Amino acid sequence: INNNLPTILVLTCYVATSNLDGETNLKLRQALLETAQMQTERQLSSLSGKIECEGPNRHFNTFIGTLYLNDESPVPIGPDQVLLRGTQLKNTQWVLGIVVYTGFETKFMQNSIKSPLKKSRVEKVTNVQILVLFVLLLAMSLVSCVGAILWNVEVWVSKWYLFSFYLNLGFDLLVFIILYHNLIPISLLVTLEIVKYVQAMFINWDEDMHYKENNIYAIARTSNLNEELGQVKYLFSDKTGTLTCNIMKFKKCSIAGIIYGLSPSVLTESYEFNDPTLLQNFENGHPTKDYIKEFLTLLCMCHTVIPERDEDKIIYQASSPDEAALVKWVKKLGFVFTTRTPTSVTIEAVSSILNTFSCNRKRMSVIVRTPTGNLRLYCKGADTVIYERLSEDSLFMKETLTHLEHFAKGGLRTLCVAYTDLTEEEYQQWLTEYKKASSVIQDRMQSLEECYDKIEKKFLLLGATAIEDRLQARVPETIVTLLKANIRIWVLTGDKQETAINIGIIELPSTLGTLIGKENDLALIIDGETLKYALNFEVERSFLNLALSCRAVLCCR
């Protein structure tokens, strides 16, 4: 891989996955160290080995494979080493790779389905009515044919000179269908199509849906569903990037039980973290100085951000806006993340190179070797995940939890950060198990989870961060308007329950009783762990009835 960046040459590239998942953030893909230096035809021709991987499937975010090179140990391959069909290469001139799936075996084709023909209710009802009228037309024509035959028989007996010797049931049926064809309102269909087209033009011209900054108007790509807009009853939405701007700003933090960050009541809504007390405590030898240093060091290392140099400036590229916000914030405090390789990161503040080994789900962990040679595991993640792994000796647990609730009630996105020290023996034993688990094909993710759990324990809490992702313009007014139109809103969010309650405004009472099955001005708030049980076969119908009885449903965490 070549993207003309000296700090990450032949190691990383960026891809845009908007065609697959709709996300606009660039994703990072990383070459294997064992093959990264192979960039010439001679080097590639000498490459010999095989890849064992899972069968074709439709899951975009997973890939399990193992590379076997001659006379070398097996090398695990994950989704970070795979460029999927449908993605676009960005900020990278060229890549060299091996094709794993082709044709209909690719994940892109595995997810492709035949586009359904969308019809509105009016169109469906009209089609049924026309079918009924056509059946009625046939019935009338058949009755008329029978009448014609009886009339001809009568004429043959009494008025033979009027009798026609030409008798053809099919011809007579066709004649009567033509005579009665006005029964089917062909002009109605034409009129409906013209009306829909005119409605679509009005949608395209609507100034209320005109985004003036980019001069973009609404576009009615199809006129088939215009009348359905007035019959929408449920609106399903994600929160981040849909209701919010997906532009993260660092607002507050809690370190060693002390909260930092000015109150928004005295500043504008767009304020960023600007509390001089934090640096004063760090520079003036406050009792929490060491905690502050570890807190800032952790945020400077535990991430997947890539630094790019533009002359004297450092530009951070990140697939997660949260991580970019954290790294930019610690940079302002003097902890500057400058360089990344697959096995190390460099921070100017401590002038050290640290080895990165592990990163995983709902939390991220890195194992680093400090300049003094000590081993330390840093971890950041959701409070529920971190707190269940804290040591009994951990301090500031109650204070930090109180601060987390305060942050969440203000609508901020929160993360907990913690660390633990490792012995060389513990690390080497874990590393052996990790290499073994990362090379298996069957149940690799489960094996890695078990391996991570063995070392991610007995954490010492450092504190928590709070980041704001502001709502997009006029979102509250839009939601109020939708509720007035009797449209129910269901939202998914990764926020804490307190934040979800802040969004939903109304909590569910302890019992609904006779209100089940009726429309109520209530909001149902449920977390992901509870939802897992609510969707069990035995109770899913009851849960659905409960959800349908509320005007808003929010699933948090």
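Note that Cβ sites are derived from N, Cα and C of the backbone, with glycine treated the same way.
In TrEMBL this protein carries:
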{"type": "TRANSMEM", "residues": "128-153", "note": "transmembrane segment"}
{"type": "TRANSMEM", "residues": "173-195", "note": "transmembrane segment"}
{"type": "BINDING", "residues": "Asp238, Thr240", "note": "Mg(2+) binding site"}
{"type": "BINDING", "residues": "Asp238, Lys239, Thr240, Glu323, Phe357, Lys380, Arg413, Thr493, Gly494, Asp495, Arg557", "note": "ATP binding site"}
{"type": "ACT_SITE", "residues": "Asp238", "note": "active site, 4-aspartylphosphate intermediate"}
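Known features from TrEMBL, placed on the structure.
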residue	record	contacts (Cβ under 8 Å, 6+ apart)
Asp238	Mg(2+) binding site	Val491, Leu492, Thr493
Thr240	Mg(2+) binding site	Asn246, Asp469, Thr493, Gly494
Arg557	ATP binding site	Ala382, Thr384, Gly494, Asp495, Lys496, Gln497, Asp527, Gly528, Glu529
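Within the chain, the transmembrane segment (128-153) has long-range Cβ neighbours (under 8 A, six or more residues past its boundaries) at 163-164, 167, 169, 172-173, 176-177, 179-181, 183-185, 189.
Neighbour density around each Cβ, counted as other Cβ atoms within 10 Å, peaks among the binding-site residues Arg413, Gly494 at Arg413.
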